[in-house]
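Asker: Okay, handing you the structure first.
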Amino acid sequence: MRTIFSIIPLLTSTVAAVAIPSAGKATVTAAASGNPFSGYQLYVNPYNASEVSASALPTMTGTASKAAEVPSFYWLDTAYKVSTMGDYLCDIQAQNAAGADPLVKYSDVHTILVVEPDSLANLVTNLAVSKCANAHDAYLECTNYAVTQLNLENVAMYLDAGRLLPFLVFLFNGNEAAQLYADVYKNASQPASLRGLATNVANYNGWSLSSCPSYTSGNSNCDEKRFVNAFAPLLRNAGWDAHFITDTGRNGVQSTQQNAWGDWCNVKGTGVSVRPTTDTGDDLQKAFVWAKPGGESDGTSDTSATRYDAHCGYSYVIQPAPEAGNWVQAYFEQLVVNANPSF
């Protein structure tokens, strides 16, 4: 479970995407119903584009340039990055014009947020871990504060469903997980901006598979589509009519080289998949997005590092790799070369 920064008590991490209205689109209010992505063009993340330009373009000019043009989310995973959010919102405001809180200041910019990557699910699956159990009440309180404060007319939010929720939710208790997420929604007074869950963030699960990979161990919800359609009724029964978005920035190759479904760190043999779109073919699924920018490390392979995790040292993991969030050229090249569909 990640640390809650004391100077940002409302959330540990937020992933943000900003949307630019299509030509002739004047409104920026995120309607309480319908698809918050409809009628908008997602903003290309300049931070990720700069990483590609600095590291990949010298050797991968054509495909790297195309990858850099794909909209992706910007990770606010440190206090400093929160302070930079206004720069990006200002940039979008300027693009739109040519056609207290930064989200309030730039209220004419439509913003999509994924709140708390990979943490709420731990409150379902990892309460046997003392740190998770001890943080349970405080974590829910802080999440409540986050979604309450971010409930703005120009914002649509999705809670992260956790990397392994499709597996763990039904291994443990699907109703218990649904109740936890629904309680976050209800205890925050059902904020209109909180639309549902983001699945597969920084993960490799396929969207709709004809056969299940062996490492899913016969689980009936082995792909994201099956999980979404199995979990949505449980959420509805618990009091939340939630919808979904799914990260397709890494799930273009099925199956991957991971040995277990829980292998999450810099896995070899992966590739990017469908580019961000609202054309999902599923009423519950509002969009496919690239939540995790391709090429950024999941964690360090340095066994002497304080934050080293054994998952980042397996033989089927890209090595060497720096700390999470730093650039790994070999990872980026792999994702682009294995793109499905190709660039």
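Cβ atoms here come from the backbone N, Cα and C positions, even for glycine.
TrEMBL lists these features:
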SIGNAL    1-17  signal peptide
ACT_SITE  ASP118  active site, proton donor
BINDING   ASN203, TRP264, LYS292, GLU296  substrate binding site
ACT_SITE  ASP298  active site, proton acceptor
Asker: If one measures from the C-alpha of ASN203 (substrate binding site) to the C-alpha of ASP298 (active site, proton acceptor), what distance in angstrom results, rounded to a whole number?
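Answerer: With the alpha carbons as reference points, the distance is 10 Å.
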Asker: What's the CA to CA span in angstrom from LYS292 (substrate binding site) over to ASP298 (active site, proton acceptor)?
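Answerer: Given the Cα positions, LYS292 (substrate binding site) is 10 Å from ASP298 (active site, proton acceptor).
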Asker: Round to a whole number and give the Cα-to-Cα distance in Å for the pair TRP264 (substrate binding site) and ASP298 (active site, proton acceptor).
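Answerer: Here the two Cα atoms lie 8 Å apart.
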Asker: So around the substrate site, ASN203, TRP264, LYS292, GLU296 aside, which residues have their CB within 8 A of the centroid of those CB atoms?
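Answerer: These residues sit around the substrate site: ARG163, VAL201, ALA202, ASP247, GLY249, ARG250, ASP298.
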Asker: For the substrate site as recorded (ASN203, TRP264, LYS292, GLU296), determine the largest distance between any two Cα atoms, in Å, rounded to the nearest integer.
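Answerer: The two farthest binding residues have Cα atoms 13 Å apart.
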